[in-house]
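Database features (Swiss-Prot):
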MOD_RES   V1  N-acetylvaline
DOMAIN    2-146  domain 'Globin'
MOD_RES   T12  phosphothreonine
MOD_RES   K59  N6-acetyllysine
BINDING   H63, H92  heme b binding site
MOD_RES   K82  N6-acetyllysine
MOD_RES   C93  S-nitrosocysteine
MOD_RES   K144  N6-acetyllysine
Amino acid sequence: VNLTAAEKTQVTNLWGKVNVKELGGEALSRLLVVYPWTRRFFEHFGDLSTAEAVLHNAKVLAHGEKVLTSFGEGLKHLDNLKGTFADLSELHCDKLHVDPENFRLLGNVLVIVLARHFGKEFTPDVQAAYEKVVAGVANALAHKYH
């Protein structure tokens, strides 16, 4: 990801305030509600039949935390996202057969969740930096597919 020093600072400063458990669960839940076809990858998580069921599904919330924990690790290696996410890219491509477009969708949802939680602090400049980061992470996760 090609970020300026100021953008890197904005991203890491805001990320230091993120409650990974709360926002991870919200981001993955929103993905599954807004894009219901993504639920097929999580059928083993139990009841995902309604938005309410998804929003209160403990396995969805726990996996959302896991996803954002990995995302946070990626933020420590912004200059090597492909290397950082190589194993996850391979897993999602070869074993889970996840459509790589879903990574982009989740990134978009994450930006919305960050904006909702941080309000005025999530300025247009911060949003622009995060848009670059989520695009870079989605690209890194899709790397094995190419």
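Just so you know, glycine gets a Cβ as well, placed from its N, Cα and C.
Locations of recorded Swiss-Prot features on the structure.
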{"residue": "V1", "record": "N-acetylvaline", "contacts (Cβ under 8 Å, 6+ apart)": "L78, D79, L81, K132, V133, A135, G136"}
{"residue": "T12", "record": "phosphothreonine", "contacts (Cβ under 8 Å, 6+ apart)": "L75"}
{"residue": "K59", "record": "N6-acetyllysine", "contacts (Cβ under 8 Å, 6+ apart)": "F42, F45, G46"}
{"residue": "H63", "record": "heme b binding site", "contacts (Cβ under 8 Å, 6+ apart)": "L28, F42, F45"}
_Please report the Cα separation of C93 (S-nitrosocysteine) and K82 (N6-acetyllysine) in Å, rounded to an integer._
14
*asked:* If I take every residue in the domain 'Globin' (2-146) and average their pLDDT values, what number comes out?
replied: 89
_When DSSP is mapped onto helix/strand/coil, what comes out for V1 (N-acetylvaline)?_
coil
*Determine the Cβ neighbour count for C93 (S-nitrosocysteine): the number of other Cβ atoms within 10 Å of its Cβ.*
17
